[in-house]
């Protein structure tokens, strides 16, 4: 078949180092889909990219037709089928969140404009670089000719963290847990919700609340652990999550490409327009979705209790503030 063009930005970084091999060997787009990998990063790390290109060549992967390292947006964004935007300005010591928002608003405005100008109109865009939700919204707003629904941001890592915490607590496999939800922002205000989650215990599917029988843990430590897991990894490893982030990106993109399994939904940050959960419009907010034919739909009709509503509103409020800050930077830029 024809190769697809896949862009990874921040390609000299840690997450990309774990991600590129998985994509190139067929874990994401299937074992019979040839691909061209385009690697974008900033000029000072181009020699690092050369080394990564050598390594990808040395893997001798049958699906990998070509690897294109570049520091130029017009090369990187040309004719793309999928763009995985990993690169962003990381938070440095002493930086406030609004400084981070300002630095990234500029990057994602520029990359959104490049997508608009050079990529296919059918391109699927996945934003990983933080603050991911707001970066994604800015990229989408800067690419008016590409449907808003084609943009999503990664909350699958949080989703996977929630699944694995439940699995560990019950002594089952992560595969036995399904339909956890991450609502809202990929930040410490996100709400990991297991009200609708199911777990397979000894061949029988039961609700997570029923299986765990410890509401105070589910409403307390469980939520905090998932919300603060990224910080815990940094504290222990002195580096941010890379292996687990790369795995989550693979899961997220594979589901966009091949759809979600029957009876299961996943979490991803998508445009909130037309949702039935009273989340304000025009936010990039994480919802439960099902995907078919490369198109996502909100999971409808889930009952929302008062505990959940309060948490969902809190993270929406943070996203509205972030959006406001970012939009101010953009209009003054």
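The backbone N, Cα and C atoms fix where each Cβ goes, glycine too.
Source: prediction; values computed, not measured.
The feature domain 'Lactate/malate dehydrogenase N-terminal' is assigned by TrEMBL to 5-151.
Shown in sequence order, 88, 89, 129, 130, 131, 134, 135, 138 are the residues of the chain, 6+ apart in sequence, with a C-beta less than 8 angstroms from the C-beta of residue 104 (NAD(+) binding site). Among the features that TrEMBL reports, NAD(+) binding site is placed at 41, 104, 128, 129, 130.
Under the heading substrate binding site, TrEMBL lists 91, 97, 130, 161. Every protein chain considered, the tally of other Cβ atoms within 10 Å of the Cβ of residue 97 (substrate binding site) stands at 16.
Taken from TrEMBL, the feature domain 'Lactate/malate dehydrogenase C-terminal' applies to 155-329.
In the shown protein chains, 29 other C-beta atoms lie within 10 A of the C-beta of residue 186 (active site, proton acceptor). Taken from TrEMBL, the feature active site, proton acceptor applies to 186.
The Cα atom of residue 128 (NAD(+) binding site) lies nearest to that of 186, taking the recorded positions 91, 97, 161, 186 as the candidates. Residue 91 (substrate binding site) sits 18 Å from residue 41 (NAD(+) binding site), taking the CA atoms of both as reference points. Geometry remark: residue 41 (NAD(+) binding site) versus residue 186 (active site, proton acceptor), CA distance 23 Å. The two recorded residues residue 186 (active site, proton acceptor) and residue 161 (substrate binding site) have their Cα atoms spaced 12 Å from each other.
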